[in-house]
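Enquirer: Got a structure for you, questions after.
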Amino acid sequence: MGNVTRIVIIGGGPGGYEAALVAAQLGAEVTVVDTDGLGGSAVLTDCVPSKTLIATAEVMTTFDSSYEELGILVADDTPPVEQAARVIGVDLGKVNRRVKRLAIAQSHDITQSVTRAGVTVLRGRGRLGTGGQAVDGSREVLVDAPDGTVQSLHADAVLIATGAHPRELPDAQPDGERILTWTQVYDLEELPRELIVVGSGVTGAEFAGAYQALGSKVTLVSSRDRVLPGEDPDAAEVLEDVFRRRGMNVMGRSRAESVKRIGDRVEVMLADGKVIEGTHCLMAVGSVPNTSEMGLEEAGVKLNDWGQIQVDRVSRTTAPGVYAAGDCTGVFMLASVAAMQGRIAMYHALGDAVQPLNLKTVASNVFTDPEIATVGYTAADVECGKMDAVVVKLPLRGNPRAKMQGIRDGFVKLFCRPGTGIVVGGVVVAPRASELIHPISLAVDANLTVEQVASAFTVYPSVSGSTAEAARQLHIRKRVDGES
Ligand SMILES: Cc1cc2nc3c(=O)[nH]c(=O)nc-3n(C[C@H](O)[C@H](O)[C@H](O)COP(=O)(O)OP(=O)(O)OC[C@H]3O[C@@H](n4cnc5c(N)ncnc54)[C@H](O)[C@@H]3O)c2cc1C
């Protein structure tokens, strides 16, 4: 065992467990230390639970928004003009029990596959030892076990993948009953009657849309001009219109200062002095990296002003032999990126071929209804001159499959380089956009041209037909724009 590289991974979310699998495959001796269970927040509190809840919401919206047009009769054929008159309802306790069951099962499956790969899994809190790097380049990792004992491990390379937790405002302390973080909503037995969601980023928008679909009366408080300030502006506009049309109270340019619980109600005080009342408040105001009290700075690991670990494109921190991946680096808060960073760290540490992280090929999705999927360069990149690109946007209103399915909102947008026609980005706003973005993602990754995208067959009728049609339109546009 003399030449076997010892890897210790602190944090068992996608950044950590995916790295563990790669490192074990490459023949390293791997230990993963986690406080909560493998899968991390992604599986136990964030990604998996929210998307499971949204799966129920999606069925509700699809039915609610199209059953009349599609000619479906229900026993009590009252149109859902008002929430109270809805023809379908939800048992939130049952939904939440399913959510938690699936999350635990997923964590269990991950633990099984990681241990089957030969990885040692330790329950506890990991931190770097104070001794720094030993002469042989190794480092000590200390594990505080739940029973109070401390175990010392030695690693040739350490990966920090400790994730992040919900940010709390000093005057809006969650109580787990009425004032909630996104990790606490799954304990609710009954649907919040009037839910105020503070924060209109991806998490805020996803929960606001989901609870609206489940039957809550939702107010979305956004400190910015519009919802989803980080997303494609046309996509955000579509979503905001849909939200308002479905009866959501979307409050733009409204900064929440404090949240108070008064009996069974909550009051959200805004910066302009306005007070909004509801039965529950969900705080979605960002997250804080789990990087404190881990001996990081003492070991030479540089953190930025937000406490995130600085890494390069192969996941190296500023301390030799210490790598970092995932939300604790703040590079791109996605499970897929965390996993990629973790794998890259292990390829690098174990001397395998490494392709540095390329954020311009990351595909991401906002799981609202409609969904918003994005890949590559964005409208903002084009506007600020970072990328010279020609754009075509095709509303789904003209797509035959969308018409048949009663889909009115959404579009396909493609960006390509003028002259060469190489596809550099795209946005799909549609039901299941998360599935429709893949051909565009493939095109961006493989530097395909609009001609190549347009020449591949699509099924008739299909929503993806709009992607091919956008590529065909760009075939002409890119020449015109390339000449000018
Ligand atoms: C509501 C919500 C929904 C999301 N949905 C999606 C989605 O649909 N798709 C997507 O790609 N991304 C989604 N994300 C983002 C995604 O969850 C994160 O990007 C992902 O979890 C990051 O993975 P990670 O490995 O960095 O950290 P985590 O998943 O947070 O895992 C870190 C683990 O480390 C443990 N830990 C922390 N400190 C220590 C320590 N000192 N010692 C030992 N263990 C420690 C934690 O307990 C945790 O188990 C969502 C996020 C939120 C908030």
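Backbone N, Cα and C atoms are what each Cβ position is placed from, and that goes for glycine too.
The FAD binding site annotation in TrEMBL covers Lys51, Gly126, Asp327. The annotation NAD(+) binding site is assigned in TrEMBL to Gly199, Ser200, Gly201, Val202, Thr203, Gly204, Ala205, Glu206, Gly286. What TrEMBL records for 6-342 is domain 'FAD/NAD(P)-binding'. The annotation domain 'Pyridine nucleotide-disulphide oxidoreductase dimerisation' is assigned in TrEMBL to 363-470.
Can you tell me where each of these features sits in the structure?
Expert: Residue environment of Gly126 (FAD binding site) contains 25 other Cβ atoms, counted within 10 Å of its Cβ in all protein chains.
Here the Cβ of Gly199 (NAD(+) binding site) has 24 other Cβ atoms within 10 Å, regardless of which shown protein chain they belong to.
This prediction places the mean pLDDT of the domain 'FAD/NAD(P)-binding' (6-342) at 95.
The domain 'Pyridine nucleotide-disulphide oxidoreductase dimerisation' (363-470): residue composition by secondary structure is 37 helix, 32 strand, 39 coil, according to DSSP.
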Enquirer: Which of the listed binding-site residues (Gly201, Gly286) has the least company, meaning the fewest other Cβ atoms within 10 Å of its Cβ?
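Expert: Comparing Cβ neighbours within 10 Å for the binding-site residues Gly201, Gly286, Gly286 has the fewest.
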Enquirer: Which ones in the same chain are close to Asp327 (FAD binding site), with CB under 8 Å and 6+ residues apart in sequence?
Expert: Gly13, Gly15, Ser41, Gly163, Ala164, Ser287, Pro289, Met333, Ala338
Enquirer: For Gly126 (FAD binding site), what is the secondary structure by DSSP, using just helix, strand and coil?
Expert: strand
Enquirer: With the Cβ atom as the reference point and anything under 6 Å counting, tell me which of the binding-site residues (Gly126, Gly199, Gly201, Ala205, Gly286) are near ligand 1.
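Expert: Close enough to ligand 1 are Gly126.
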Enquirer: Give the sequence-ordered set of same-chain residues, not counting Gly199, Ser200, Gly201, Val202, Thr203, Gly204, Ala205, Glu206, Gly286, with Cβ within 8 Å of the centre of the Cβ atoms defining the NAD(+) site.
Expert: Val197, Phe207, Leu228, Ala284
